[in-house]
Amino acid sequence: LICHRVHGLQTCEPDQKFCFRKTTMFFPNHPVLLMGCTSSCPTEKYSVCCSTDKCNK
């Protein structure tokens, strides 16, 4: 599983998805992007799950 990310490519295990989420838990006016491979991607706001080379918003 290879997902396009902001800078380059991210490779995940076959049974995993690449997920990134915007959060502001550290700086209220400065969004932080959390990203990584996971087996289940949460469907909360600002989440994007990737499969193969396409992302579903």
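Using the three backbone atoms N, Cα and C, a Cβ is placed for every residue, glycine included.
Values in this document were obtained by computation on a predicted structure and should not be read as measured data.
Swiss-Prot has this to say about the protein:
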- C3-C19: disulfide bond (DISULFID)
- C12-C37: disulfide bond (DISULFID)
- C41-C49: disulfide bond (DISULFID)
- C50-C55: disulfide bond (DISULFID)
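In this view, the densest Cβ surroundings among the disulfide-bonded residues C12, C19, C37 belong to C19, judged by other Cβ atoms lying within 10 Å.
When the Cα atoms are compared, C12 (disulfide bond) and C19 (disulfide bond) turn out to be 10 Å apart. Here the Cα atom of C37 (disulfide bond) is found 6 Å from that of C19 (disulfide bond).
In the three-state DSSP scheme, C19 (disulfide bond) falls into the strand class.
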